[in-house]
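A.B. asks: OK, TrEMBL features for this one:
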type: ACT_SITE; residues: E60; note: active site, proton acceptor
type: DOMAIN; residues: 34-211; note: domain '3-deoxy-D-manno-octulosonic-acid transferase N-terminal'
type: DOMAIN; residues: 296-396; note: domain 'Glycosyl transferase family 1'
type: SITE; residues: E130; note: site 'Transition state stabilizer'
type: SITE; residues: K208; note: site 'Transition state stabilizer'
type: TRANSMEM; residues: 6-23; note: transmembrane segment
Amino acid sequence: MARWIYSLLMYLALPVVFLFFWFRGRRDPAYRRGLSQRLGYIDGNAGPGCLLVHAASVGEVIAATPVIQRLGQHYPDASLVVTTMTPTGAERVQAAFAGTVQHYYLPLDVPHAVHRFLSRLNPSVLVIMETEVWPNLVHACNRRGIPVVLANARMSARSERGYARFRFFSRPLFQGLDWVAAQAQPDAARFGRLGVAAERLAVTGSIKYDVSIDEANRKQAAELRQEMGARPVWIAASTHEGEDEQVLEAHARLLERQPEALLILVPRHRERFDPVFNEIGRRGLSVSRRSRGESPGQVAVYLADTMGELLMLFGAADLAFIGGSLIERGGHNPLEAAAWGLPILTGHHVFNFTTVFEFLEAEGGVIRVGEGADLGQAVVTVFEDAEMRHRMGEGASAVVDANRGAVERLVDGIARLRDQRC
């Protein structure tokens with residue numbers, strides 16, 4: 001009954017959703033592309049037994065990339081289909097795989113759209129990255145005998161409380177998952193309390209520890225750093241509205257002590273590139289934009305207003321601040337910065353990556369800061385203490401090295417489920 005009520009509400013919401021896509025498309029035309037796919041109408045045929053991987057947006061696509069690559073190696077004759085919810089996620093798929101996988105937008109979670117989509121694809125397994133579990137999609141896969149894997153799964157205490165309030169609805173949803181590969185034991189325990197049977201739970205670790213920095217990224221980062229020169233460079237990564245102002249205030253404080261310092265500012269969402277650029281100018285700071293091919297030269301702020309380059313940009317910096325943490329967004333992934341051996345700063349709101357930050361703290365690789373002046377003071381302190389920077393960077397790198405291997409464990413589990421069906 002609960003799912004039928006949910007489905008009715010989803011049908012009623014369809015006009016609002018499509019109006020959202022249409023009006024959002026006025027600012028970002030990519031949101032108007034692929035609207036028919038949102039209703040399950042897809043062209044092409046992946047062939048029987050395709051592997052379907054859903055990664056909601058850019059972050060999930062980046063995390064899923066080594067898994068998709070490894071699945072392709074494991075099943076060279078099977079087609080790989082990747083779905084996303086956002087245009088930026090779609091762009092990242094195209095950039096990462098250059099036509100070697102098929103991409104579609106995941107249909108909206110109404111029964112007819114989901115049925116149409118699955119009938120066309122007939123996948124041998126559905127792999128959902130991290131947290132985005134859709135009731136009608138899971139139910140339809142269960143009815144068709146398609147195994148559903150929640151990969152690199154995480155569940156914050158806050159999310160658990162939310163699901164628990166609607167247990168009559170959420171319990172059947174989680175019971176429909178064939179395998180949950182959790183990032184850490186606390187995540188697994190929360191999924192268990194929400195209805196996932198113990199035999200369907202495993203702790204495989206976070207695949208984000210398996211970050212790989214290829215030679216192309218290293219070369220590009222070195223070239224960019226050469227343009228910046230031998231001055232202090234810090235990066236504020238994946239910042240949100242309400243954080244950029246604090247980051248710029250922190251940079252102003254650093255400039256008082258080290259006038260040659262450079263901030264690489266990377267807003268999380270591209271619709272904020274122009275507002276952030278305007279805010280930098282309003283504060284009287286010199287700025288160049290990466291999207292225009294402008295050199296970081298001797299400017300105070302380098303606005304990285306491009307998508308999919310964050311891993312490389314970390315390699316050009318001496319210190320990283322991870323956004324989404326000064327406001328209640330739960331933080332973002334710090335492991336790409338850690339893989340470069342960067343000392344890391346973060347706010348206190350890191351509930352999306354609690355275990356990762358606990359590991360980093362245990363190794364001395366991160367400093368948590370409060371709002372306002374705390375960030376500025378921390379940036380100044382770290383830049384004025386070379387030994388601290390080195391020690392923190394080594395600690396961050398050690399966390400990554402100690403926790404690798406999740407991709408192989410995850411792919412092995414997916415293969416077992418898929419092979420049982422086939």
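Each residue, glycine too, has its Cβ placed from N, Cα and C.
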A.B. asks: For the transmembrane segment (6-23), give me same-chain residues lying six or more residues beyond its boundaries with a C-beta closer than 8 angstroms to one of its C-beta atoms, as numbers and ranges.
C.D. replies: 31-32, 35, 38, 108-111, 135-136, 169
A.B. asks: Between E130 (site 'Transition state stabilizer') and K208 (site 'Transition state stabilizer'), how many Å separate their Cα atoms?
C.D. replies: 11
A.B. asks: For E60 (active site, proton acceptor), name the DSSP secondary structure in the helix/strand/coil scheme.
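C.D. replies: In three-state terms, E60 (active site, proton acceptor) counts as helix.
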A.B. asks: If I take the alpha carbons of the residue listed as 'active site, proton acceptor' and K208 (site 'Transition state stabilizer'), what is the distance between them in whole Å?
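C.D. replies: Between the alpha carbons of the residue listed as 'active site, proton acceptor' and K208 (site 'Transition state stabilizer') there are 10 Å.
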A.B. asks: With an 8 Å cut-off on Cβ-Cβ distance and a minimum sequence separation of at least 6, pull the same-chain contacts of K208 (site 'Transition state stabilizer'), or say none.
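C.D. replies: Those within reach of K208 (site 'Transition state stabilizer'), by Cβ under 8 Å and sequence separation of 6 or more, are A63, N152, N333, L335, E336, V356.
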A.B. asks: With every protein chain in view, how many other Cβ atoms are within 10 Å of the Cβ of the residue listed as 'active site, proton acceptor'?
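C.D. replies: The residue listed as 'active site, proton acceptor' is surrounded by 24 other Cβ atoms within 10 Å.
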A.B. asks: Helix, strand or coil: which one is E130 (site 'Transition state stabilizer') in, per DSSP?
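C.D. replies: Note: E130 (site 'Transition state stabilizer') is coil by DSSP, not helix or strand.
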A.B. asks: Run through the domain 'Glycosyl transferase family 1' (296-396) and tell me, per DSSP, how many residues are helix, strand and coil.
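C.D. replies: Split by secondary structure, the domain 'Glycosyl transferase family 1' (296-396) comes out as 44 helix, 13 strand, 44 coil.
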A.B. asks: Could you tell me the mean pLDDT over the domain '3-deoxy-D-manno-octulosonic-acid transferase N-terminal' (34-211), as a whole number?
C.D. replies: 93
